[in-house]
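Residues or ranges marked as transmembrane segment in TrEMBL: 18-46, 58-76, 218-244, 264-286, 322-341, 361-378, 449-480, 492-511, 532-553.
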Amino acid sequence: HLTSCFCSVQEAECAYTLFVIAIFWLTEALPLSITALLPGLMFPMFGIMTSKEVASAYFKDFHLLLIGVICLATSIEKWNLHKRIALRMVMMVGVNPAWLSLGFMSSTAFLSMWLSNTSTAAMVMPIVEAVAQQVISAEAEVEATQMTYFSGSTNQALEIDESINGQEANERKEKTKPVPGYSNDAGKISSKMELEKNSGTNSGNKYRTKKDHMMCKLMCLCIAYSSTIGGLTTITGTSTNLIFAEHFNMRYPDCQCINFGSWFIMSFPAAIIILLLSWIWLQWFFLGFNFKEMFQCGKPPTAKQKACAAFIKQEYQKLGPIRYQEIVTLVLFIVMALLWFSRDPGFVSGWSALFSEYPGFATDSTVALLIGLLFFLIPAKRLTKTTPTGETVAFDYSPLITWKEFQSFMPWDIAILVGGGFALADGCEESGLSKWIGNKLSPLGSLPVWLIILISSLLVTSLTEVASNPATITLLLPILSPLAEAIHVNPLYILLPSTLCTSFAFLLPVANPPNAIVFSYGHLKVMDMVKAGLGVNIVGVAVVMLGMFTWIVPMFDLHTYPSWAPPISNETTP
């Protein structure tokens, strides 16, 4: 009987489908979302699943959660709440270059917890670019003033026309309109911003000194990397987290251990450590780590620091007093986060216990939909008209967001891509391919668990540099789950680090959209990103490995094979 050595016809057909989709996702010969529709074509033709069964896999609980989150993101960006938060956080940390970069990293990471990584980077980068140009301008003005004092004449070459700088900053802001969603269309983003590489502020003589150039590189990479690191923290922060949660809850419905609260408690310490270590690494790599300059007690700020602080304060004042729409959006944002945390915290009973007759019915998507609906109901402003008698009357109201605005932000391509991943996972189960792969990988059980985790984490981190993050995690989850079951290891032991490492696409401009956005500003070369990103990659994998053997172990009891996972088969692999 050869079925134990060789897969059956259905398993082979499913493996062929998986192979074709993997090649198309890696090469992007077709758009990612179009490739994700291939299971709907190939599975019915191979007799693996009916067309009706495949179609039902394309819309899950994940999509409802995504809709609610995008409603929140649309309102935040429409009413400029994100800009107010970013500028306020930077104002709190001061204008010393090291602390300024940490301030931008902190605010970007915080925003990325709730908005897409792409939108966050596209929103913060124009502010960072304007601040960097202001610092360079301030230094030039100081030198020009000194030369005027000594020579009695002004060196025109060192004067900076602030009005031109301001105009160029505004133009850049228009060009870097936030790109909604989580897609990995780096090429599209790069070409969209190609004009910026030839803009006036990016001319060859814009850097007075090498230190100015290094500072611009540092600020760019701080935004790119912190927008990715911040997305690790919440289950809605990036699409890879959502894909993992949906796959895990579908494959192991009896677990009920992955929710917004448990994910945050698990990933928040890791994200904070990675963020701080990345800041130290980037600071040392580009500017050196001078503790004297960082902790200058009682020393007055320099001219460039004063100019930088003035610019940030000016940008914040332009926003004016906080408006009614921003307050309502902020309140809904806080309510959504609190409801997510308190649904089922684990250490106490959450509000889901109020619906004990229907356990497991209310999920994080229930909260997201409830709050998302309110954005369409709560009025943002009244619409008025003037009657023939000259009286102004209200005839309608405009909600916080409209359907047209929501549609422009909704990443439909990601919705289809994730649906294709679910269909692929269902096909692997139905055909028996998952079980066959698991049996073939069972000899890996002789390796130490830490080595298996390290190998899978490095594999994922390498693959995600050349393939999109959602495609990588969607492709590997159906393979890693049966691997964990076959070697009798808690599936979370392998799936959690692999999911987190999928986001570590730090090496190349095309690896993810935030990298492409900051690269388009013309300050960086590919080798700058490769060298700096390699250090951040090592930091990320090391911190995830540390977490898997310290604070995460007791959270999910990782040392024991859980009852919610499939029982171990007694079959042996020849």
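Heads up, the Cβ atoms here are built off N, Cα and C, so glycines get one too.
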Practice task
Six or more residues out from either end of the transmembrane segment (532-553), which same-chain residues have a Cβ under 8 Å from its Cβ atoms?
Solution key: 221, 225, 229, 266, 269-270, 273-274, 277-278, 281-282, 285-286, 450, 453-454, 457-458, 461, 493, 496-497, 500-501, 504, 506-508, 559
Problem - the transmembrane segment (449-480) versus listed stretches 58-76, 361-378, 492-511: most Cβ pairs under 8 Å - result: 492-511
Exercise for the section: Determine whether the transmembrane segment (361-378) and the transmembrane segment (492-511) share at least three Cβ pairs under 8 Å, counting only pairs 6 or more apart in sequence. Expected result: no
Fill in the blank from the handout: Under 8 Å Cβ-Cβ from the transmembrane segment (492-511), and at least six residues away from its ends along the same chain, one finds 186-187, 190, 224-225, 228-229, 231-232, 238, 240-241, 244, 248, 257, 266-267, 270, 449, 452-453, 456-458, 460-461, 464-466, 469, 472-473, 476-477, 480-481, 483-484, 519, 524, 526, 529-530, 532-534, 536-537, 540-541, 544-545, 548, 552, 556, 558
